Structure formats: structure tokens, C-alpha cells
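Here the structure comes first, spelled out in C-alpha cells, and everything after it is commentary.
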């Protein structure tokens, strides 16, 4: 309790006037008064008593607490990791729940498709209890898949923070006014455009009088028009200055691509001497480009990666035949060997070439590559490989305009190592030209939206016009720039309408030749739901067709019900499937705030409907679903890039570890795609190859074992079966070395004629029976083969698959036979 006496003794000192500090320090200390000394002693005694009382109370409290046994240690300090886990318990729980809900669907699919486990009907009763599910061709464990995806969506939208750095700010371009032209430049520009109009009128008039369609002279009119537009926006002085400032790396990089292409061709055909020389040429080209490497865009290196990955196994027997692709090869070969220049000019805009539904220009692209690289498997198939490799850089150019640079690079990476494209590009179709043109259209759309340059709109319209002259799936690309530009350049004023008109002018010019070809439009009905009367006349069937195929298409990155055309399991690899799901969730979240997310989601949804549901098949066609790959790649890239940024923001200071993890993820993606494209594709198609494919396999085995032998393969057939397809495969694979080594003899009697028997008796003649020949006739002729000294060799794809045909060999060539389907056995 405070002492009032002591308080009153302090008041006079508090009320005394202030004394300067210097004066107070210089004043000598005064001896304390007697009363003051007595108060000090009293205060000290009081403090000592309080301390003693405190110590006594502390001792009493300690005595009341339970003491640990003498042999047990005291409580240990909390480890740092436990303290960190306690602080982040909620984030860990969210992360674990999200990971489990994303990994479980992929694990179930891996067990069925990759590990060949019989789990398809694990929830058969529960699945069939839902009427709509019962009509689907999905495994019953998709009940778990649907539940996990819904749980992942809820967790992501509820607790995962938004990625605020994944998109660049919306562009705010201002259309530049046209430059002032000199009188001469103005006359040249107007003259070029007038010449284009006159030439187009002449082409249309000639077509109307001759009752045909315009020829390649219309392409010349288009070039004159584009040149006039270019000089209007970029006068010659400005254009010459821009060309003078052009860096050297594009030319050097083009040289690297040429060297790499020739080097891959030499390796493909095992031309050792040429491979060494071209390898040196490639090394010199790379050395010339190396000083410019800082200026080369990152996506350009991905083009080289794609060329290498997509060229693997380009001569593999397993890609020898699908069944209907060789007509593209023969037509392109005929364009080189039989068609004249005037034929190319007159048919350039023909919309009916291969099968009456594929345009002439589409085959002309394949013919150009075959003319340069050879009229064989490499020259034919490399046209697809080259175009989709360049498409990876085009998609980078598109996404680089709107997203984080690393997101655009990762998108191009996914396009450069897609197992879908690795396998599908080996077929030799013209389908992948549509993917290339899609990349051109989107890159030009981004350029137009960002710069508002009139030339960009003219080039965009030209690219859209050429969509009518490649694989028909390119027609699905036509609405994409329209939807996209409605978000970024809505025609609300006169200038915007002018830019849109510049886009439509070349489009209408290229579309005009098809007006003269009604057969072109009639051939577009087959392959669509309009070709099936049961769908168009029954609303319930059409609704079921639409909903089921929409679901199949939306889940295609995880699971495809129809494995065909060497595409198996899914359109994306399993790791990418997890990332696509996360990227799609992020896209849904960003759509409310980001314009590009809304535009991208609208284009993806439109393509999902057009490509995935408008066909006339039971399932989405693998021959066109590749059109969705760029958007799935973008979603996977957005997810990976977004989580890497979250990691960098949460734990800064470890960029090396982050780069290592990113590199490991990309390496895993590339490895999974390589296995799925070349390894799993083979495992999932064991037993499917027919006689044409296995005969190519037999020829490659013959070449490996007996390269210098000159054998003749004689096919014994009935009247209605020929070997024209076998002869085409000989030209594609260059095996056997000569067409004279393939022959055919028609047999209708159970006994060989003396001439045929004498020929079969020759040791270098190997005989193959038509697989579909009358069985009674085959049994009778097999006895004749034994009497002529031939040995039977059943040819089958694998040990556990049935034989596809029988090869009858002489004693000298018994080692050629893959006994019991064991193709690894060697003599």
C-alpha cells in the first residue's frame, strides 16, 4: 500500500522549477537529509519483504504441480517441421484432398488401360442403376471418377487462391493511320488492286463460259491484292528499312531445319555415309546459329524437338496401313509423275480430289514434300510432321500475346511432344494440315487483335479462305477468329467495320471457286449427323447422340472409349490429364475477370461441340479430335505455370530447386508421351495387324537377315483378290528392292499347272496364300506345296494371337519364319 507521507514528500520536488541539465550536472552532490535516509531504508525493507513473499508463493505453486517420475525425461521442444505443419494444417489438408481427388481417376484409368487390369465392371450394378450411364461406353468405375472430379472442383474453387499473374493485361491498341504515299506509290498500289480485280473478273468469266471453276490465276489475283494492301500500309522506303533491320537468325534457323530434315532422312534409310556428311552440315548450321541464340525465340527450339520426336519410327511396320490412307499417297505421286503444269493450274481450286471429298491443294502439299524428300514413306509422312512442328511455334505466338511467357512456352512444349500427334502423323492422311492452318489462323488473330493492322486482317482472311482447301476439319476453324475478335475488336464503329471487311474480302475471293462446285458441298454431308436419318428424324436419338459424345469429348484428355488410328487410352498423357483438370478449373475461375479466359473458354466450348458432336459415328472421331489439343495443352501449361508461381511466392529464394522440379515434370511428360505414342500404342493393338502390315514386317525381317538375297514373293489368289495394295506398300517402304519380286498367280483348281509347279519348286520363290481363299481349295493346294518341297510357316503378330496368313518357304529360308509368333528369334 503506498505511503501518503512519502508521496507528499515528493510533491515539492515535482513542483519545483526546472533546472538546466548542465547546471545540475555541475552542482556537487548534497548529503541526504536524515528524514530522507530513513525513508530509503524503509523502502528497501519493504521491497525485501515483498520479494520474500513472492518466493514463498512460487515455492507453494511448484509444490502443488505434479512432478514427473525421476526416470522419465521432461517435455521435448517442438521440432521445426511440426511447428510448420501446425501452422499450415489447413493448406496441407486442402492440398492432400485436391491431390487425391485428381490422382484417383488417373490411377483407375492407368490400371485398366496401361496395366491391363480387369476393373472395368468393378461397379457394374451401381453404374447400370442410372439409365443415362447405362447407355454410355464408359467403365463403371467412372462413378468414382465423376465424384472425384466434382470434389476437386469444389476444393479448388473454395480454398485454392486465384492465380493473378497468369494473364497479361488486356491490349488497348490504337489503329495507326495509313502513311502518306507519294504519287508514284499511290499509283502502284491502286494499279495492283485494279489488276487484281480485273484478273479475278477474267477468271470468273472464263469459268462461267467454260462451265468449270476458276484456276490458279485466281491465286495470282489474290497475291496482287495482298501486295497492294502491303504497300499501302508499308511504303517501299519503310518496307526496305524494315528488311534491312531484319536479324540474321531466321535464315540461319531455316538452314538448321533443312539440315536436320536431310539428316533425319539419311538416318531413316540407314544411309551411313550421307548421315555422317549431313550430320556435319547440321553441326555447322547450329554453330552458325549459336551466336544468335539469345535472339531466337524459345519456341523455335521446340520446333527442332518436335521434328525429332515425330520422326521416330517413321518406317516402322506397325504404321504400315490403316486401310484407307494409301489413296493419298498414290494421288500425290500421280501429281508428280503424271499431271502437267496446266493440270495443276486448272485444278488448283478443285474441291474434289482423293475420294471425291478432299481438295486438290491438300494433296499438292504432300506432293511438294515427296518431290523434295522422295516418293516414299519419309517424303510422304514428313509433310505432316513438318507442318505440325511449325504449328507448335504458331500456337506459342498466339498464347504469348495474352498469357505469361512461360505459359505460352509450356503450351508449345505440350504440342511438340504429344503422343497423339506422334502416332497419328505416321498414317499419311492429310488431316493434320487442318491443325497447322488452325495455328496460322490463331497467330494472325492475335496479331490483328493486338495491333489492329489492316494487313493482319487481310492475311487472316486469306488463311481462313485456305481452310476450304485442306482437310475438311479445318472448316471448324472458321468461327474461332470471329468469336475471338468479338471480344477484342467488336465492330462498333466505322473503322472496326473496315477492318472486318478487309478480313472478309480475301475469304470471299477464295471461297468463290467452290460456288462453281456443288459436289464439294454435297460431299461435306457424309461424316456429319445429317448423314444419318435415324438421328435427324428422332429427337431422342439426336439428344442421346449429342450428350454422350459431348461427354466423351470433354473427358477425352483422360479416357477415350474408341482406340483407333494408333491413338490409345487418352488424348493426353496421365500426368498432363491431372494438369488439364486443374487448368480447366482455373479457366472457369478466371473467366469472370479475364477477357482472354472468356474468349478462350468460348472457343474451346465451340470446338468441343463442332468437333466432338456433329459427326455421324458412335464416338468422337480420332481423325479430327486433335483440333482440341492446343486448348488442352494451354490448360495444362496454365496449371503448371500457376502452381510454380504459387510455390515461388510462398517459398522465395530457391529458384534452382524450382527449375529442377519444373524440368523433372517436363521430362516426365515427354517420357510418358513417348511411351504412350510408341510403346503403349503397340501393346494396345497387338493382334490387330492384317496381312499387309505383317507382310511389311516380314520384308523388314528378310532385309535384316538376308539383305543380299533376291527372293520372289508369289501370292496365290482367287480372281477377286489382288496385290495392288502390296505393291503400293513396296513403293512406300522400298521393300523388296524391286517390284519384279512381287508376283501373283490366280488358282482355281486343286492342282497346280506344270508351269506354276515348276516355278514354285524354285528355291528363291516364297509362296503366300490369299487369307480369304476357299478352305477346301487351300487344303488341297497345301498338299501340293509339301510335295514341291516347301515348308509351312504360320505368320502371326504375337505368340498369343492367331495366324494371319501362311508363308511357304524353301529349306534355305526357313530361318526367315518367325516361329510361333516370336519375331525376335534369329538363326
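Numbers run from 1 along the shown chain.
Just so you know, glycine gets a Cβ as well, placed from its N, Cα and C.
Since the structure is predicted, the reported quantities are computational estimates derived from the model, not experimental observations.
Taken straight from TrEMBL:
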| type | residues | note |
| --- | --- | --- |
| COILED | 33-60 | coiled coil |
| DOMAIN | 357-505 | domain 'Glycosyltransferase RgtA/B/C/D-like' |
| TRANSMEM | 91-110 | transmembrane segment |
| TRANSMEM | 248-267 | transmembrane segment |
| TRANSMEM | 273-291 | transmembrane segment |
| TRANSMEM | 298-320 | transmembrane segment |
| TRANSMEM | 378-399 | transmembrane segment |
| TRANSMEM | 434-451 | transmembrane segment |
| TRANSMEM | 463-488 | transmembrane segment |
| TRANSMEM | 500-521 | transmembrane segment |
| TRANSMEM | 566-588 | transmembrane segment |
| TRANSMEM | 595-613 | transmembrane segment |
| TRANSMEM | 625-644 | transmembrane segment |
| TRANSMEM | 656-675 | transmembrane segment |
Long-range environment of the transmembrane segment (656-675) - Cβ separation under 8 angstroms, sequence gap at least 6: 309, 312, 410, 413-414, 417-419, 422, 573-576, 640, 644, 647-648
Chain residues outside the transmembrane segment (298-320) and at least six past its termini with a C-beta under 8 angstroms from it: 253, 256-257, 260-261, 264, 268-269, 377-378, 381-382, 385-386, 388-390, 392-393, 396-397, 400, 408-409, 412-413, 415-417, 421-423, 425-427, 566, 670, 674, 678, 681-682, 685, 689, 692-694, 696-697, 700, 729, 732-733
Distant-in-sequence neighbours of the transmembrane segment (595-613), which means Cβ under 8 A and at least six residues beyond its ends: 167, 170, 402-403, 473, 476, 479-480, 483-484, 487-488, 529, 545-546, 549-550, 552-554, 556, 587-588, 620, 624-625, 627-628, 631, 634
Secondary structure content of the domain 'Glycosyltransferase RgtA/B/C/D-like' (357-505), with strand meaning DSSP E or B: 119 helix, 1 strand, 29 coil
